[in-house]
Ligand SMILES: *Cc1c(COP(=O)(O)O)cnc(C)c1O
């Protein structure tokens, strides 16, 4: 925690102690949740600043309150840096998070009841791409595409035939659990053919796109939404980029369409994170994430594990537990007791229930931020595979505790940024 700790510890020892324990947990566990990362001390400092006290409904130069002397330049800097980072015509830095950003994109471009298309949740898509329990599946008529059964890749022929048959107003391309590159140009061609808007949701891969380790959707998509807290390594928040022609509609959809005052402290932290991502070292980071994911995939395959699609092109892998006969939930829980944090995840055509699916999602963004390199991947694979073996054996607490010690020992060489 940072400089104001003594005040927090005096004012609220209970919360202080819990945050301290969370710090220690983040330091001592192998964090493989694909949507998480470690932000820098600078990002944490901006997040914990006086800007949390400020209301700023509207946009720089057009606000509804006084006292904008400093929040206006902060938001303008955030916007300019986001545009530079992604090479986009327009940026809106106000979305509270990824889900509201997606809702704002829909509000800007569609009418309720319009047909939208997205990757189905069980195939690696996100709730907000039209899944039935999401507002996006309730207010819009959602058509969902999937992946092929044989190679687990998005089936562009299926996307095209569904688009031709359903004539969607908007097509989402993006994922939360898909280990392969996205064909933005292919999606754009289909969207053009059927007269749909193309919306790319790069929540998971924004850092890879910013760092040149994944193709960019910016030349292809009408609108690009993202979170700022996953591979992009900023504060929790959302960001929308768009072509100039959609700028006014996007801004109007975010405010006053969907949100009230922006979170100015988060805006400042986004600006800090964008500046960090503009440094050459961030390119190295993005490429290292992908190299680490490939290295880990190879090492896990060598240990006899199965991976959805046989490997990865991005920051994540989906380990298929089917050959082990185990459910994902049990294995994820045992791994957590062993000091390895990840989540159970559905795999394509999963025979098990969503609450206890057949896969484990493994992301490399957080441990790469700690400086773990490609040549460490066999050791990381051993930590994971040995813990899965403990789960299969239903190992007792003592053996899990011993494994947790091994994880802590491994991580000692890699200080956690920000903590
Ligand atoms: C994480 C994620 C979101 C939602 O982000 P929140 O900040 O959790 O609302 C949206 N889309 C995709 C593809 C994601 O992975």
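Note that Cβ sites are derived from N, Cα and C of the backbone, with glycine treated the same way.
Summarising the annotation, TrEMBL assigns domain 'Serine hydroxymethyltransferase-like' to 8-384.
Classification of residue 125 ((6S)-5,6,7,8-tetrahydrofolate binding site) by DSSP places it in coil, neither helical nor stranded. What TrEMBL records for 121, 125, 126, 127, 245 is (6S)-5,6,7,8-tetrahydrofolate binding site.
What TrEMBL records for 229 is site 'Plays an important role in substrate specificity'. Cβ neighbours of residue 229 (site 'Plays an important role in substrate specificity') (same chain, under 8 Å, six or more residues apart in sequence): 35, 36, 37, 39, 235, 236, 237.
The N6-(pyridoxal phosphate)lysine annotation in TrEMBL covers 230. According to DSSP, residue 230 (N6-(pyridoxal phosphate)lysine) sits in a coil region rather than a helix or strand. Non-local contacts of residue 230 (N6-(pyridoxal phosphate)lysine) by the CB criterion (under 8 A, 6+ apart in sequence, same chain) comprise 34, 35, 36, 37, 203, 204, 206, 207, 365.
Residue density at residue 127 ((6S)-5,6,7,8-tetrahydrofolate binding site): 17 other Cβ atoms are found within 10 A of its Cβ, drawing on all protein chains shown. Proximity to ligand 1 at the level of Cβ atoms, with a cut-off under 6 angstroms, picks out 126 from the binding-site residues 121, 125, 126, 127, 245.
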